[in-house]
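Feature list (source: Swiss-Prot):
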- G10, P11, A12, G13, A14, G15, K16, S17, T18: ATP binding site (BINDING)
Amino acid sequence: MKKMNIAIDGPAGAGKSTVAKQVAQALSFLYIDTGAMYRALTYAAIEHHVSPDDEASLKSLLDSIEIKLVDEQSKTRVYVNNTDVTDQVRTEEVTKTVSLVSSHGQVRKEMVRQQRLLAEGTNCVLDGRDIGTYVLPNAELKFFLTATVEERARRRYEENIQKGFKQSLEQLIKDIASRDEFDSNRSFAPLRKAEDAIEIDTTSLSISEVTQTIIGYVKERV
């Protein structure tokens, strides 16, 4: 099979990461969790007391740390300077701050450079908000996952309960709607569907159903 890059984009809580992971596992492709890379930088910024508004300092911090992703069957482990921060990058504080950190042009350009290097010459699945439009505009297959704000908030609420995080469903609905607006209106590489992306509404679909739908499209291309 010739090299294939699969881009999966969509708003927060649409199921991108879980689906991307399962698609990659089913096809024996590399999974690159781009969101975890931004979360790792956000975590480091909080630890180093770097303001999420300070683009220059964030870029300097990014240049000074090593972010590593280790793909395991059950999850992607995230390391900053060889320290496992997999759980720390999923806290509420990081989640609330990551959109602002990732909105800066200098930060995104460097992250995208790293992501393109990882994807070069290999079969891989990447998920994020600008994979099909900016990171890998020439990806062989592009998907855009959507779901209602209420459904996405419900999924995040259940995830948080499993992780021991407490946040009301009503607040999550507000937070996700706010993040949608921010991500869609940022000046650099905003969240939007690529013209050639296949849109899948996941509101009433299971993870398995979405995964199988994407795999079906992949098999058509092989």
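In case you wondered, yes, glycine gets a Cβ from its N, Cα and C as well.
Mapped onto this structure are the features recorded in Swiss-Prot.
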residue: G10; record: ATP binding site; contacts (Cβ under 8 Å, 6+ apart): K16, D127, R129, F144, L145, T146
residue: A12; record: ATP binding site; contacts (Cβ under 8 Å, 6+ apart): R152, R156, I176, R179, D180, D183
residue: A14; record: ATP binding site; contacts (Cβ under 8 Å, 6+ apart): L145, T146, A147, R152, T202
residue: T18; record: ATP binding site; contacts (Cβ under 8 Å, 6+ apart): I207
For T18 (ATP binding site), the three-state class that DSSP assigns: helix
Other C-beta atoms that fall within 10 angstroms of the C-beta of K16 (ATP binding site): 27
Helix, strand or coil at G10 (ATP binding site) [DSSP, three-state]: coil
